[in-house]
């Protein structure tokens, strides 16, 4: 079975609103395996490196300040097409453009407070995972439920 990993972060707005459990539940119920989780207030340096591709854009400084303003729940999820499906589960970056049933569609209203981050490519996922987690923090384990999820 071929799987991949994606990086998902519950942003400070969603942490304050008590949405961590809901977001974790969505990924678990989909059948994805949680490989790592940490709860932290990220440093400004970490957030700047994470969003380096957006440096110089009008929203960059506000985004960095927001992401470093409070606790974030950073996670690694694994499964078939985890990056693509994870993004579909989150919904469009602008919550007002997100379909009902998606995380942002159900719980987001404003682009600047869009509840969560999800890797947009396998390459981004690999970079973000290395940025946020040490290899020793990533758990390797078998789930007995796997045959009930994958052929």
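Using N, Cα and C of the backbone, Cβ positions are placed for all residues, glycine too.
As recorded in Swiss-Prot, the features of this protein are as follows:
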ACT_SITE  117  active site, pros-phosphohistidine intermediate
BINDING   11, 59, 87, 104, 114  ATP binding site
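Feature annotations (Swiss-Prot) mapped to structure.
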residue: 11; record: ATP binding site; Cβ within 10 Å: 22
residue: 59; record: ATP binding site; Cβ within 10 Å: 12
residue: 87; record: ATP binding site; Cβ within 10 Å: 19
residue: 104; record: ATP binding site; Cβ within 10 Å: 24
residue: 114; record: ATP binding site; Cβ within 10 Å: 23
residue: 117; record: active site, pros-phosphohistidine intermediate; Cβ within 10 Å: 20
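Distance from the CA of residue 117 (active site, pros-phosphohistidine intermediate) to the CA of residue 11 (ATP binding site) is 7 Å. The distance from the Cα of residue 104 (ATP binding site) to the Cα of residue 117 (active site, pros-phosphohistidine intermediate) comes to 10 Å. The binding residues for ATP are recorded as 11, 59, 87, 104, 114; their greatest pairwise CA distance is 21 Å.
Residue 87 (ATP binding site) falls within a helix when secondary structure is assigned with DSSP. Geometry remark: residue 87 (ATP binding site) versus residue 117 (active site, pros-phosphohistidine intermediate), CA distance 9 Å. Cα separation, residue 59 (ATP binding site) to residue 117 (active site, pros-phosphohistidine intermediate), rounded: 15 Å.
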